[in-house]
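Chemist: What TrEMBL records for this protein is below:
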{"type": "REPEAT", "residues": "A:118-159", "note": "repeat 'WD'"}
{"type": "REPEAT", "residues": "A:160-202", "note": "repeat 'WD'"}
{"type": "REPEAT", "residues": "A:244-276", "note": "repeat 'WD'"}
{"type": "DOMAIN", "residues": "A:345-491", "note": "domain 'U3 small nucleolar RNA-associated protein 15 C-terminal'"}
């Protein structure tokens, strides 16, 4: 006599991207806090000192926010025109900003009035930064020059005029106080040395450079511009290591996470992409509008993103403590020793052993299925769904009942309450491709069974109406998708024969450009 | 063309054991059942087949114990004979020739010398109406007797033998047909008939399905198509009969059986639940569910301690009276159709095909024994008529037998098809297959065929489906998820002009994959998944596809419904083709040979050929009258060495095939068969002495002795010929009642066993002198004398050693000691090394 085989619950893999450690890490942020600034947020910079306040440059102001504050704790507002690039010094005490009118201002973080003003640029100063000794300020301007200023004296130390277009990107070396890298709209990235007074190496990015970034080891350099992100190996004399094209609009900003040095890039296409060490995209943040600036706090605690519509979006990292409180609240099951009670008893030599048949444990719905109580089994399965919010068991029971040919019996003769429970279940899961087929079947049978009595119950009628609406919407969507598929097919069909002809006549370079255009 | 060969088509095992109810022997140690054209005797304790009673030339259609002698059994067969057997020894006692095909048999104690048979007297045997005939068995000493005294009891009885039953020790006989129950009283020579209406108000179907009579009471139980059981009483009056109804079954009641004392009624049906009703207390019942397969027959042993149910999946279940299953005798499960191909498990060399619903069965052809069932579907099977449930439709092994791929399917008739592709890994520890991967939506439509790559290193599975695609599956092809490396995932999806693929095959070294798309064969390279070439077939959809092996590996064979084509893959040209309708093409995995079954003008022919030449090595016309769709080459246990060209193909492997009537047939050589027959005969001679514990002890002892004493003994063909056999043989073969009392015989017998080896004896005696044996004193003087001569001879050596002067008492003591039998010690010494 064979024993009853319990219902097999199919565990189907979820469609979509796979869950890896990286995605888990980057998904572990709270939903963003949004703050409205007066204009597009051009620059965000975190203070290197705890509690890691951050300076946000937008319009004619520079605000300093605390890590958890919704309101600025400090603001610098005495700009006549747009301020640019508020950057902290390495000790977090000084802040330097550029401005539209060509002045560079140096602030004490706690004060209001500028300590120094460096004048000399003839056009807007878009990028400013401290050199790593903390005694000099370097700036890049739309007048195509880079200048280095001395803080104590306020004098201009050197001017570099090698760029032939606006200088829009700047990254000082943290290891050597005399080195810094600039990127310009003349498509080049240059590394300058204060000691020699000229550029050491020049790299052709190929597009106007929006942002440059040095890895902490300073062997690798990241430059962004156009749709491309390029990594350069500085130890090999500026050889291009990789060129990434994961965004479909200009990449405006890049930064490195402080844990593991993952590269993050933000773009006008509203996405922030996270790359792993082999430069594959492992995660993707989606934002409402084009991203102009981005910064990440030490230990990846906070990701702050500035956008063109003046919204500053701040994400905080979730902490494990929150999870622990949740688990402790959950009821603990019986302890291990309850289960082994009496099982580990070793009989002595003279003992006569009477073995009892092991009682097989069945789930409640299986017990009901065993005694052919299909309607009750369905109710139990729906209760499981209500308790755990996992549809797999319920769907498995529905499939099993259908296999026995008694799904109609199980669904028939129900009152308003239990019927609406089933309908709710159907509504929730009818579009899950894993479960849609049994759900459609259940819906069909319900409509067949109850079509005469539906008007008696307004709540069931409402649910069926909703079901009809979502199904209508889904069919429309499918229709559109099929149309798109048709369009794509014609496109591909028009491409392939030309390729064969071209292969005979034209050189293969043309083909490549054609494909790209497609 | 081919010389007349001595290769024959032989039926080989796996026959039905559930055709007719089985019979318990009186001591319920054995259960007998009709199995094909023999009767098999199984032990109820060990579930092993003890022997089969062979002699009938057609299907055995009934067995029943001889009421006059409970060690004898009658069997009737469709070949028109009734045979009487001694089933303990397996000896045919008598054959009664009836002359008409017999369909059932029943006997009763009251009718001595008469057996009741169901015959079809009509000239055309297919007519449904059978006659119940009483046959007076002539008493004569001859082996074969013609029984001529036939007297018809009634005509027009149902073809279902369970619709006829003898009642109350043979006072009356009840038989039902359609809607009528007839009871014939032998004494009154009168028939009463009761009829029911076809349907009542509630739409119940009232047709009779089975009848059983109470052994002591005037009560007839009848089963009906709608699941009701009626108990009829007072049926010896035409008008005043009554009946009561029992209802539990929801489908037709297949069988009914009263326990020998008549306290319980057992019933079974398609639900596979054995129901025990308490007689007299209606609706008090016990259930034993999930026995597996619909219950067809129930038999009870004469002491009522054991029941035996026959199931539709060719199984006998032995059940104790407290409703505990104590034994299962499983035959080869044969459904209506074999959906999977016949396969050979490369490890166990067992035949694999789908057996019980949702299972694969492993069947040893060599021992004609069911090995085990592998549960593929792993779902509760609901025994209900007309329910569409999962069924294994495809299965394939890889070349080493470490992987098994199966496809299960449901809802082929309705529109919503569900199917799963499952991959099973062989587990060394449990010695069976363990589920590794389940693929739920492998294709969007039915899977038509699949095959494993044949290389040893990497295993790859290719499936083709009706959605116009073929897919290659690899283990751990998904590089992103490193932790589950040993699961299978899709490696490649291929299609060709949206045509429907029909078959696929790997070449012998797995360097090429051939996939046929309707009329086109495409050749792919599994390394790069490049399509290498296409071969366009003469018109007709391709059915089978197979590569040649060994020296013929450059050939590819394909069959359509009209042609058999052979392609040369080196030149990509058609090598040869013949117009023959091939229903099954089966390559031999161990040689170049390919077997093709062709169906022409209502009979099937077999051709065995090598792909390199279109001339067949062997042809066999008219193998059977049905189409052959399933065939398999089974490796021979030890290669034969036939030099004859026409039988050479049988050297490495044997060809088995399955006809549409689900008969498993094979090709066999006459010489080989003789060899096997003679070996079995020799076995029978050896066993002529009844096997008792005593015999075993003796035989063992004798054998050991022989090995020890006379290693160079070169007897005739029988090595176990006993030395002092005369006495023993006499002792063992003389009837017990003729022999003198055992106490008289004992010492004589023991003496005959004594070993005349003095050296050993001396040591024995010195160590065992103190031993007191009082029994010896009581022995009669005669015996002493009888032994004396021998004793004295032996004693000489020992007497020399002992001091010559002995007191009388001492001498007496010594004498007694000498007389003591130490032969058992000899046994001990013998066994020591």
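In case you wondered, yes, glycine gets a Cβ from its N, Cα and C as well.
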Chemist: At a C-beta cut-off of under 8 Å, are there same-chain residues at least 6 beyond the repeat 'WD' (A:118-159) that contact it? List them, or none.
Modeler: 82, 84-85, 87, 89-91, 94, 96-106, 165-178, 180, 182, 184, 192, 194, 197
Chemist: Where else in the chain does the repeat 'WD' (A:160-202) make close Cβ contacts, counting only residues six or more beyond its ends and a cut-off under 8 Å?
Modeler: 90, 126-133, 136, 138-142, 144-148, 208-214, 216, 218, 221, 223, 225, 232, 234, 237-238
Chemist: Quick one: mean pLDDT on the domain 'U3 small nucleolar RNA-associated protein 15 C-terminal' (A:345-491)?
Modeler: 89
Chemist: Provide the three-state DSSP residue tally for the repeat 'WD' (A:118-159): helix first, then strand, then coil.
Modeler: 0 helix, 22 strand, 20 coil
Chemist: Could you count the residues of the domain 'U3 small nucleolar RNA-associated protein 15 C-terminal' (A:345-491) that DSSP puts in helix, in strand and in coil?
Modeler: 106 helix, 0 strand, 41 coil
Chemist: Could you tell me how many residues in the repeat 'WD' (A:160-202) are helical, how many are strand and how many are coil under DSSP?
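Modeler: Its residues fall into 0 helix, 24 strand, 19 coil.
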